[in-house]
Amino acid sequence: MGQFQINKDGALKLKKSLDRESQSFYNLVVQVHDMAPPPASRYTSSAEVSIILLDVNDNPPSFISPKLTYIQENTPTDTIVFRAQATDPDSGPNCYIQYSLLSSLGNKFSIGNIDGEVHLTGELDREDVSNYTLTIIATDKGEPPLSSSVDVTVMVLDVNDNNPRFSQSIFKVEISENTLTGTDLIQVVASDADEGLNGMVRYSIIEGNPNNEFRIDSVTGVISIAKPLDREKRSSYTLVVQSSDRGSNSRTDTATVSIILTDVNDVVPKFELSPYSVNVPENLETLPKVILQIFIP
């Protein structure tokens, strides 16, 4: 065998260092023969030597579990987030492993010493913290103990738990009544702290626009004139606009847009009772004298 050698005195020696984790047992055949000179016969004999390697704690635990896991932000506390797993090629107490957390930001997680199960111990909010890095330590029970560590990233997945909020509750704008159709008047803006579709906002007018004089761009929130306006028919509008996210359970917010029309000189004065008729006596003495008062609305 390459690892052993025997000298002429029968002393069995090591040629190379041994590793129980590579081979824990050797079965050697040792042969001995005499040195009788010719023509005398020579005789040999053999014996089996079994060598069993005893373990020493020379291997730290090695992690085999993933380094990345995902969890939704509304996950209940005490839920198992994932299971850390490490192996140790040593034997006996040298391969018994215990787990611990080096740190846990905000005390949101705990770990089972024996099973390596990581539990959620506090509520999560992706909008506050979107990921956590947990340093897990695996320690064997050898003498002295050996340990290793791994960083596991916990990604917090979004749920639709935030309404799209308008930047203000009331928007005001004044426009001339002869403003052209298609003119942009104002942009309403709402933001949503969620991500993906849960944070994608769309806009609509839900009240105050029965004749569709105004329209709103569903993506940008820009309100524009859709039909000609006439202050003499209606001098102001109060629109209720809504922001909605695109989550599976859509959440909304509303705001008010006050639009005031300012006057332009676009109406010709008219005599309502024309022609007028008045009788004037010819002998009026006090002049000038009012003989007719005309009112134009």
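Glycine too: its Cβ is placed from the backbone N, Cα and C atoms.
Mean pLDDT, taken over the domain 'Cadherin' (4-63), works out to 81 on the 0 to 100 scale. The feature domain 'Cadherin' is assigned by TrEMBL to 4-63 (among others).
Marked as domain 'Cadherin' by TrEMBL: 63-166 (among others).
According to TrEMBL, the domain 'Cadherin' annotation covers 167-271 (among others).
Residues of the domain 'Cadherin' (167-271) grouped by DSSP class, helix first, strand second and coil last, total 4 helix, 48 strand, 53 coil.
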